[in-house]
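**Student:** Below you will find the structure I want to go over with you.
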Amino acid sequence: MKWLVLLGLVAFSECIVKIPLRRLKTMRNVVSGKNMLNNFLKEHAYSLSQISFRGSNLTTHPLRNIKDLVYMGNITIGTPPQEFQVVFDTASSDLWVPSDFCTSPACSTHVRFRHLQSSTFRLTNKTFRITYGSGRMKGVVVHDTVRIGNLVSTDQPFGLSIEEYGFEGRIYDGVLGLNYPNISFSGAIPIFDKLKNQRAISEPVFAFYLSKDEREGSVVMFGGVDHRYYEGELNWVPLIQAGDWSVHMDRISIERKIIACSDGCKALVDTGTSDIVGPRRLVNNIHRLIGAIPRGSEHYVPCSEVNTLPSIVFTINGINYPVPGRAYILKDDRGRCYTTFQENRVSSSTETWYLGDVFLRLYFSVFDRGNDRIGLARAV
């Protein structure tokens with residue numbers, strides 16, 4: 001019996017492809033010294049989700065944690081393959097990287113796709129535009145072979161940027177969207193849907209484990225769930241509607257007192273967001289309740305008080321998900337402790353929260369396209 005269990009584990013591990021993530025120096029500290037943090041956060045921390053213009057074959061892909069700002073992983077495009085660092089983003093649907101014919105300064109500081117060097121490249125005459133918080137890009141839809149670990153999507157449509165503005169401080173080369181196809185700004189079929197249609201994955205599921213480790217441990221996995229990354233049972237939450245990774249949140253509380261989302265609200269589970277983002281008035285109230293003092297674009301607390309701060313509890317589908325002070329307070333390179341609650345600068349008619357990497361480092365997340373639901377469990 002022991003041999004059967006051992007053989008099963010060996011077979012299971014052979015189907016897993018892990019793509020590591022590592023944590024680098026925080027861009028928050030680098031940029032804040034140049035009074036550029038507000039624009040940088042608008043462009044990169046949570047605006048990826050705010051587009052204004054249109055089991056058996058388990059694959060795990062390692063990601064790198066850029067000092068609590070963003071998690072990146074490597075993919076390759078073309079034949080022979082060219083490597084790019086991309087953000088795996090559950091709030092957008094498209095894959096795009098810089099093109100070799102982009103002359104914008106932002107493109108010159110990143111890896112650009114050299115289409116003439118790929119024998120499988122195919123151009124289309126379709127263009128697209130996308131606008132972020134304070135940046136914008138223009139691109140063209142093309143086709144080529146894209147690889148995520150050992151997953152291969154042939155003739156995959158994706159975007160090549162031909163103009164980029166406001167992205168000069170970006171660490172990553174591009175974005176790989178994992179949301180539903182209906183919110184694609186380019187109209188191209190997302191890579192996850194293409195892999196599913198090509199039967200490259202056994203189940204229409206992907207999952208994220210975001211490690212606290214600066215150098216390794218974080219993974220995105222496709223086609224199933226590796227149960228070694230979480231403890232207990234997965235708590236499944238139905239989506240508000242098929243077509244977006246957003247769920248109904250019951251409330252947000254501190255010490256059993258409701259402080260936000262009092263009548264229920266919308267929560268987007270967003271791997272492309274570094275912080276927890278919500279309406280300005282409610283975020284300011286949280287800062288007041290924990291005694292955070294504004295300084296520039298940040299709110300700070302004495303580092304000596306971090307372990308005494310109350311947990312902020314997010315209740316989703318009747319299950320409490322506490323986020324302790326040591327998770328929502330981070331330390332910058334000057335040794336100062338700042339909060340990771342940020343106000344949403346884009347107005348919304350309904351109360352909406354973005355549960356970004358601060359939340360997802362605590363809770364393993366599963367995105368189930370087959371059943372239009374999200375699973376959450378305590379990460380190991």
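Here the Cβ of each residue, glycine as well, is placed from N, Cα and C on the backbone.
Straight from Swiss-Prot, here's the annotation block:
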ACT_SITE  D89  active site
ACT_SITE  D270  active site
DISULFID  C102-C107  disulfide bond
DISULFID  C261-C265  disulfide bond
DISULFID  C303-C337  disulfide bond
DOMAIN    71-377  domain 'Peptidase A1'
CARBOHYD  N57  N-linked glycosylation site
CARBOHYD  N74  N-linked glycosylation site
CARBOHYD  N125  N-linked glycosylation site
CARBOHYD  N182  N-linked glycosylation site
SIGNAL    1-15  signal peptide
**Student:** When you rank N125, N182, D270, C303 by Cα distance to D89 (active site), which of the recorded positions ends up on top as the closest?
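**Tutor:** Result: the closest of the recorded positions to D89 (active site) is D270.
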**Student:** Please name the residue among the disulfide-bonded residues C265, C303 whose C-beta has the most neighbouring C-beta atoms within 10 angstroms.
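**Tutor:** Result of the Cβ crowding comparison: C265.
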**Student:** Give me the CA-CA distance between C265 (disulfide bond) and C107 (disulfide bond), in Å, as a whole number.
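**Tutor:** C107 (disulfide bond) has its Cα 38 Å from the Cα of C265 (disulfide bond).
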**Student:** Would you count the other CB atoms within 10 A of the CB of N74 (N-linked glycosylation site), including those on all shown protein chains?
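**Tutor:** I count 19 other Cβ atoms within 10 Å of it.
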**Student:** Select the closest residue to C261 (disulfide bond) from the following recorded positions, measuring between CA atoms: C102, C107, N125, D270.
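**Tutor:** Given the candidates C102, C107, N125, D270, the nearest one is D270.
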**Student:** For N125 (N-linked glycosylation site), write down the residues of its own chain that are at least 6 apart in sequence and whose Cβ falls under 8 Å from its Cβ; none is a fine answer.
**Tutor:** none
**Student:** Can you tell which of the recorded positions C102, C107, N182, C303 lies nearest to D270 (active site) in space, using Cα positions?
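**Tutor:** Spatially nearest to D270 (active site) by Cα position is N182.
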**Student:** If one looks at the chain holding C107 (disulfide bond), which residues at least 6 apart in sequence have a CB under 8 angstroms from its CB?
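**Tutor:** Listed in sequence order: P98, S99, S161, E164.
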**Student:** Which one of these active-site residues, D89, D270, has the sparsest Cβ neighbourhood, judged by other Cβ atoms within 10 angstroms?
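**Tutor:** Result for the active-site residues D89, D270: minimum number of other Cβ atoms within 10 Å at D89.
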